[in-house]
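Undergrad: One structure follows; several queries about it will come next.
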Amino acid sequence: MINKSIIRNDFKTLETSLKNRNSKLDISSLKDLDKKQSELLLIIESCNKKRNEISKSIGIYIGKKDNKKVDELKKEMESIKNTLETTNEELKTISAKVDDILLSIPNIPDSSVPIGKSEDENVEIKKWGTPTKFDFNHKAHWDLITDLDIGDFERATKVTGSRFFIYKGLGSKLMRALQMLTLDINTSNGYLEMSLPVIVNSASLTSTGQLPKFKEDLFALENSDYYLSPTLEVQLTNYYRNEILEESALPMKFTASSLNFRSEAGSAGKDTRGIIRQHQFYKTELVNLVHPEKSYQALEEMTLNAESILEALELPYRRILLCTGDMGFSSSKTYDIEVWLPSYNSYKEISSCSNCLDFQARRSMIRFKNSKTNKNELVHTLNGSSLALDRLFAAVVENYQNKDGSITIPKALVKYMGIDSIKKTK
């Protein structure tokens, strides 16, 4: 959530931010609502002050046995009580309208973020490795998976439905190896490994920005306040919701690997083949809670951490700085990491690393006690995929395929797999 002070002090910046993000959100009423909210709060404050004064006066006049004056003051007290009830009710209505708008306003992009309308205006920052070339007719990962019998699309559709997949045999072992590699690299870089519930409540989703705006993307559990988590960012960020941390404990760095669930609303027709876009998918996640002065340094470090996994696997990738029109709702600055996928003959997103500044922390009230000011301040939160594991699986299978239809196991995974290749079984 944005800082409310911007409504009064720099409304133009807010309007510009929404324009640059291609947002159609109407905030024209926000200034008047905020002003009315402030006026009502002043009335309530004045009434409470007056009520306290009258209460003291009543005690004095009771002591003087001036019943007439006591009755007059009690009538005045009753009038104030009625005013407070009416004003509080009006404030409740106004505050709800203000909160509805504030919860729908995306984070303000950092000044270093390029202004643009779509992914076409994202900026390439770096490339690593050379796109894989083959001297034979290479196959897409969905064909390799079927040929090597390491997964099953048809039976997953039978068991559940479209956009689901079953890993099996060496395919399941390869997925487990990718989870272990990503977690091992993350923990070696100071991240604390967590194992978390895959079900979260609405308060957690509101804190990280999925609710209320993106409810249609979620799988809700019927007749409850529970949802299947769309990303481990939700659980890891909310771990310290409504808590005050010691400054000396920062930064806090968490990692976890688990299943995630998204309805993929609005994605009809996109990546319909293979395991690139599914309703249920594996992901290893990074979340940082940091001192506000160090969040942009943390973003660079987090991105390098995610990239190091691709380098360990010797997979070509590039880093992209997202423009204002392509950024996530809660982010102030985002790098996408894209891995080379031969079946697409292009790079495909495998990670997003974002600095959310205090946007999520304000929603979730995660604070730290500043040792210099002795005041409680909001932490900055960051999150990043390290990595999207189904896409990483596809990248390994495609980039390491051989002419005979086998797959060479990347050196970094051999110790987890115990084999150096996956071959067709006769």
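Backbone N, Cα and C define each Cβ position, glycine as well.
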Undergrad: Going by the L-serine site in Swiss-Prot, where THR231, LEU232, GLU233, SER385 are listed, which of the candidates GLU285, GLU293, GLU300, GLU338 is also part of it?
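TA: Only hit among GLU285, GLU293, GLU300, GLU338 in Swiss-Prot's L-serine site, alongside THR231, LEU232, GLU233, SER385: GLU285.
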Undergrad: THR231, SER263, SER352: which of these binding-site residues has the sparsest Cβ neighbourhood within 10 Å?
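TA: Selected from the binding-site residues THR231, SER263, SER352 on minimum Cβ neighbours within 10 Å: SER263.
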Undergrad: So around the L-serine site, THR231, LEU232, GLU233, GLU285, SER385 aside, which residues have their CB within 8 A of the centroid of those CB atoms?
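TA: Not counting the recorded site residues, we get VAL234, LEU236, ALA256, ASN260, LYS283, THR284, LEU286, VAL287, ASN383, GLY384.
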Undergrad: Please determine which of the binding-site residues listed here (SER351, SER385) has the lowest count of neighbouring CB atoms within 10 Å.
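TA: Least crowded of the binding-site residues SER351, SER385, by Cβ count within 10 Å, is SER385.
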Undergrad: I want to verify one value. Collapsing DSSP to three states, which class is GLU264 (ATP binding site)?
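TA: Note: GLU264 (ATP binding site) is coil by DSSP, not helix or strand.
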Undergrad: Highest Cβ count within 10 Å among the binding-site residues GLU233, GLU349: which residue is it?
TA: GLU233
